[in-house]
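Enquirer: So Swiss-Prot says this about it:
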type     : residues           : note
SIGNAL   : 1-20               : signal peptide
MOD_RES  : 21                 : pyrrolidone carboxylic acid
DISULFID : 48-104             : disulfide bond
BINDING  : 118, 169, 178, 212 : Ca(2+) binding site
DISULFID : 157-171            : disulfide bond
BINDING  : 206, 308, 343      : chloride binding site
ACT_SITE : 208                : active site, nucleophile
ACT_SITE : 245                : active site, proton donor
DISULFID : 376-382            : disulfide bond
DISULFID : 418-441            : disulfide bond
DISULFID : 448-460            : disulfide bond
């Protein structure tokens, strides 16, 4: 009986930890993460204070913080090839990182670190040098900066059969040296690395290549992490938010369901299907059942996105900044529909898969510059600074915890819906105008369309809609309009 009680206690404790790892630890009603891909720590600190906090963003996903290999031309993916766990990269050093985390936390912006637990750097001829000056010999699996040696890795093999679980979780992903997470020593080094980041005040982690690690090994690592640092405003006994990269298109040998009990999972099907819909390959009317009705994970388990730093570079259905009208429509739907833990992308311009972030002649990452409209210049795209996107972050905050209601569609690619009595969204992806009297569910009054303009000193710089006593308003979105979206909410009442 005592053994049973102990087993039950341990089981409940484990379940409690796993549930806690689904909590992003947001402030107030904020509920959108932005991925500031390849930004420098000092620039992120300023962005938290000057832009993200005033506009209601909840958190920032940052690029990997650990020392990485220096690759010719400095492609973005060198950040995903660790040399050591020293916190020195082209984004800055440990002091700059710690300063950024503190400053962002002080204004209610949480920091989530992209972490590499699966592997170290891939093959390199001779001695490789990292961004902190540490030497390593990847071909010999020698990483003195940790230190790791050959005994800490799985035997070398290629993934040639993606239906073979052993290969997927033990062989080398694109030649990257595959760590043995079942080893007590490797586990201890990974926990030490993550705990150091927790001590510095981060709120959680995006776990790269999670499907290439056994879920039971990850569970051990997560369960043995420290609680979040209360000196950064986290409650006592709060756990790190975990979201895991698991690419699962369905019928995979390693499935997302093996990981969703440990934390959230990146819902790649969301990205693919929303791209198909707004590219015109699936009628928007079908989005009424969006979410689990499409075979997606439960809402609180799904990290959702239109595109990410990987798939935005691939050919296919996924939308990116190069299709701005469709991208903004898809993002508006993403942030308005009550499904998932939302993340928006902030990119730099790229011409090919390997394009590095904007850099100077000495290969130092350069800071973004801003135009008069607040948008980014000098090679940075900064989708999060597009009015149509940051306005929808405000919309999502305004309608938090409300239900979707009053769905309307024209049987094709014009849709509209309410979020309780706090928000209304309409989208026109047809080649003809949307002109319709629709129920906005809002209290009577005049509302600023936050897509076409902003509410400044009580006046709307874009379109506005007058809502009558029954909650109805005349909605017009021309086929040739710049954005194809109209959004109203209670915090944008004129």
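Easy rule for this one: first residue shown is 1, then count along the chain.
Note that Cβ sites are derived from N, Cα and C of the backbone, with glycine treated the same way.
I'd like to know what surrounds each of these features in this structure.
Expert: Taking a C-beta cut-off of under 8 Å and a sequence gap of six or more, residue 21 (pyrrolidone carboxylic acid) has these contacts in its own chain: 204, 222, 239, 240, 241, 242, 262, 263. Secondary structure from DSSP puts residue 21 (pyrrolidone carboxylic acid) in coil.
In the three-state DSSP assignment, the secondary structure recorded for residue 48 (disulfide bond) is helix.
Around residue 178 (Ca(2+) binding site), the same-chain residues at least 6 positions away in sequence with a Cβ under 8 Å from its Cβ are 118, 119, 153, 154, 156, 170, 171, 172, 212. Mapped onto three states, the DSSP output places residue 178 (Ca(2+) binding site) in strand.
If you draw a 10 Å sphere around the CB of residue 171 (disulfide bond), it holds 19 other CB atoms from the protein chains shown.
The DSSP secondary structure for residue 308 (chloride binding site) is coil.
Long-range Cβ proximity for residue 208 (active site, nucleophile), meaning a same-chain Cβ under 8 A and a gap of 6 or more residues, is found for 64, 80, 114, 115, 116, 117, 118, 245. For the recorded site, residue 208 (active site, nucleophile), the DSSP three-state label reads coil.
In the three-state DSSP scheme, residue 245 (active site, proton donor) is classed as coil.
Around the Cβ of residue 376 (disulfide bond), the same chain contributes 368, 369, 370, 382, 385, each under 8 angstroms and 6 or more positions distant in sequence. Secondary structure at residue 376 (disulfide bond), as computed by DSSP, is strand.
With a 10 A radius on its CB, residue 441 (disulfide bond) counts 20 other CB atoms from all the protein chains. According to DSSP, residue 441 (disulfide bond) sits in a coil region rather than a helix or strand.
Sequence-distant contacts of residue 460 (disulfide bond), defined as residues of its own chain at least six apart whose C-beta falls under 8 angstroms from its C-beta, comprise 446, 448, 449, 453, 454, 492, 494.
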Enquirer: Rounded to an integer, what is the Cα-Cα distance in Å between residue 418 (disulfide bond) and residue 206 (chloride binding site)?
Expert: 32
Enquirer: Relative to the mean position of the Cβ atoms of 118, 169, 178, 212, the recorded Ca(2+) site, which additional same-chain residues have Cβ within 8 Å?
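Expert: Going along the sequence, the neighbours appear as 119, 154, 168, 170, 171, 173, 179, 181, 209, 213.
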Enquirer: Quick one: give me the count of other CB atoms within 10 A of the CB of residue 157 (disulfide bond).
Expert: 12
Enquirer: Looking only at 48, 104, 382, which of these disulfide-bonded residues has the biggest number of Cβ atoms within 10 Å around its Cβ?
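Expert: Buried the deepest by this measure is 104.
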Enquirer: Please give me the recorded positions out of 157, 169, 206, 308, 343, 441 that lie within 10 Å of residue 48 (disulfide bond), comparing Cα atoms only.
Expert: none
Enquirer: Other than 206, 308, 343, which residues of the chain come within 8 Å of the chloride site, judged by Cβ distance to the Cβ centroid of those residues?
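Expert: Checked against the 8 Å cutoff, the neighbours are 33, 35, 61, 114, 243, 245, 266, 303, 305, 309, 345.
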